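Input: a single structure, listed below in structure tokens.
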Amino acid sequence: MAAQIWYEDDGDLSVLDGKKVAIIGYGSQGHAHALNLRDSGVDVVVGLRPNSKSVEFAKEQGLEVKSVPEAAAEADVIMILAPDQYQKGIWENDIEPNIKPGAALAFAHGFNIHYGYIKPSEDHPVFMVAPKGPGHIVRREYVAGRGVPVVTAVEQDPRGDGWDLALAYAKALGALRAGAIKTTFKEETETDLFGEQNVLLGGVNKLVEMGFEVLTDAGYQPEIAYFEVCHELKMIVDLMNEGGLNKDRWSCSDTAQYGDYVSTVIDEHTRERMQYHLQRIQDGSFAKEFMDDQAAGAPKFKQLQEEYSNVRIEEVGPKLRAMFSWNNDAAKDADEANSFTGKIARAQVQ
């Protein structure tokens, strides 16, 4: 069955008339949501801790800023955009004690709702609008009159207006210009984690690292190995993004295509490992492991960060990336995105 997709005419901004929307967090997604909604005529307040470095950034953009409890107390819709591991504490300490009866809760990722770390009472609508792109792109596309696609879901709908709220929010974000795909909190969470762990990060990163090590261990120059297993990956991904697997194969030489078809690096054993990791996502084992580690001060996470930040390919990577002038433009994009909190990956209510 084809997915249901909504566009501009399917959302009604008037649904948000007379409602205040609190954006909790002003990181990568937070700044884009707050500014796009504000520019769409929505009454927006940003919720941050009083000592957050993001307070001044938000005020400089002309946004109203209050503490998280204050923002939650006056909002009709609360979009929580802090990292997964912090949302439970923010909910329990700052939002749940202050939230208005019947106020809607919104998320850009289903993790905490799906795994039960946040359990709103049944009188609160709960919906999700999850952009398929980083915040600075969401903002840039909105300003350009375009939009970034989103996936959207409704988990609780006590009044029957959950979808109206979700689509109105998506329209204010600029997302309906591109399209909003209907999903569920379960589907979004589990597929998102699966993609990260098995393909986008846990797959590609490890393929690149191992390919580099095999070539350099065999005596090839690190610089040449880097070009072959890392640099050229962008070309393939761009082709795939434009026209799928067929375009990326069609665009390569016959020799490259044949090598693709007969390669045995990814085989049924890989499928079995993917199925194992999917099971851990589905049964909550991965979520529990991650959240337990975070609650203990993240010792395993920090150990792994340190271990993987010192991989051999990064001994040569910075020098070679600097050879390509367009990487300087990419760095500017990253600086712009990071300027709100320091690091996209650490965007939080701090």
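Just so it is clear, glycine is given a Cβ too, placed from its N, Cα and C backbone atoms.
Swiss-Prot has this to say about the protein:
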type	residues	note
ACT_SITE	His109	active site
BINDING	Ser253	substrate binding site
DOMAIN	3-183	domain 'KARI N-terminal Rossmann'
DOMAIN	184-327	domain 'KARI C-terminal knotted'
**Q.** Integer Å distance between the CA atoms belonging to the residue listed as 'active site' and Ser253 (substrate binding site)
**A.** 40
**Q.** Neighbour tally for His109 (active site), based on other Cβ positions within 10 Å of its Cβ
**A.** 21
(Q) For the domain 'KARI N-terminal Rossmann' (3-183), what's the mean pLDDT in this predicted model? (A) 97
(Q) Helix, strand or coil for His109 (active site)? Use DSSP. (A) coil
Q: Ten-angstrom check, please: count other Cβ atoms within 10 Å of the Cβ of Ser253 (substrate binding site), all chains counted.
A: 8
Q: By DSSP assignment, list the helix, strand and coil residue numbers for the domain 'KARI C-terminal knotted' (184-327), in that order.
A: 114 helix, 0 strand, 30 coil
